[in-house]
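Have a look at the structure below before the remarks.
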Amino acid sequence: MSEYPVSEDDVVDEIAILHLPLDAWHRETGGRMVEFAGYHMPVQYEGIMAEHLWTRESAGLFDVSHMGQVFISSEEGVTPALEAAIEAALPVDLSTLKVGAPRYSLLLDENGGVLDDLMITRWASGFYLVVNGATKWDDIGTLRELLPDEVTLNHLDESALLALQGPKAFAALERHVEGDTPLESLTFMKGAAFKLGGVDAWISRSGYTGEDGFEIAIPAESAEHVADLLCGEPEVKPIGLGARDSLRLEAGLPLYGHDLSPETSAVDADLKFAINKRRREQGGFPGSDRVLRDFAQGTPRRRVGLVLEGRMAAREGARVLLNDQEVGLVTSGGFSPSLQQPIAMAYVDTALSAEGSELTIEMRGKKLDAKVVTMPFVPHRYHR
């Protein structure tokens, strides 16, 4: 996996629509391409509903190479100074992060608003981050500003990222990996280096569907070989953006730019787990004053899950009402293929966020009955 320093062009060249390493492969495989996060990406192959259910029942291969992969290091290696620099930029506790383990964290602005959510993994030589594709250029610039000059930030722009998700993902992947670490020893949120079809790969047992699965970082030049290898297994089919979104919605996982934004905080987004006790007590990260205040005093609104009566789905921006008074807004919504009913995420007044609260959603001039439920909508099946 090659490492390249961030250039000015990396940060500012956002205008042209970019192509994934697997662009031609997606088209040849029948992917219907759309623009997403500045890339041409497959929204579906045989159909969103079918792909969604296939992933829940078998295994789906997702191309998430649009996401940003970043490596943070120093000439002295992994030192207390490097960890302190990263902890000054992110509200993460690196003291408890073991080698090979990814951890969910947040990039916050000076007011405690969410600029992005991300995964950070300790490698022996530094820290590997995966950030959202739509925000990666801004994230790289923000991190560069927050980190001291003696810290090196490399954009891994010649690395592809694939996600193999579903209950049969392990069986399909195991046939093709070799390494010092047995694949079966990886539990949820653990990772290691492997050979995958002869290709150097970093594989973590993680994903954003709620299913057991793996995220696989490989050289971009080997992406087609690996995709052919995995989709050659009977359990595996390629899956597009549409099903990826419905799967993460069922799993109750927020999507940046919809459920998360600079207007949301870790507390009202119900992501308090991302900031552990030590960081809450010590602060020292961007926006920590606001975040610690939110922990202590609570917030006026909260992200919740909603199930709707009928068949009409609520969409982003729909008003949430109580007695015809607005009490919140929908941030994500759709029809759940697994539950066969509409579901949504919304920010509502904290007083109405308890499970069982009955509300109304205004959609296309209609009033839809909805009830607050505990997320995830579909139980997670991570391999722990």
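Even glycines carry a Cβ here, placed using N, Cα and C.
The domain 'GCVT N-terminal' feature in TrEMBL is assigned to 23-277. Residues or ranges marked as substrate binding site by TrEMBL: E215. Annotated domain 'Aminomethyltransferase C-terminal' per TrEMBL: 301-378, in sequence order.
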Original post:
What kind of secondary structure is E215 (substrate binding site) part of, going by DSSP in three states?
Top reply: strand
Original post:
For E215 (substrate binding site), what residues in its own chain, 6 or more apart in sequence, show a Cβ-Cβ distance under 8 Å?
Top reply: V64, V130, L161, L162, A163, I203, S204, S206, G207
Subject >> pLDDT averaged over every residue in the domain 'Aminomethyltransferase C-terminal' (301-378) >> reply: 98
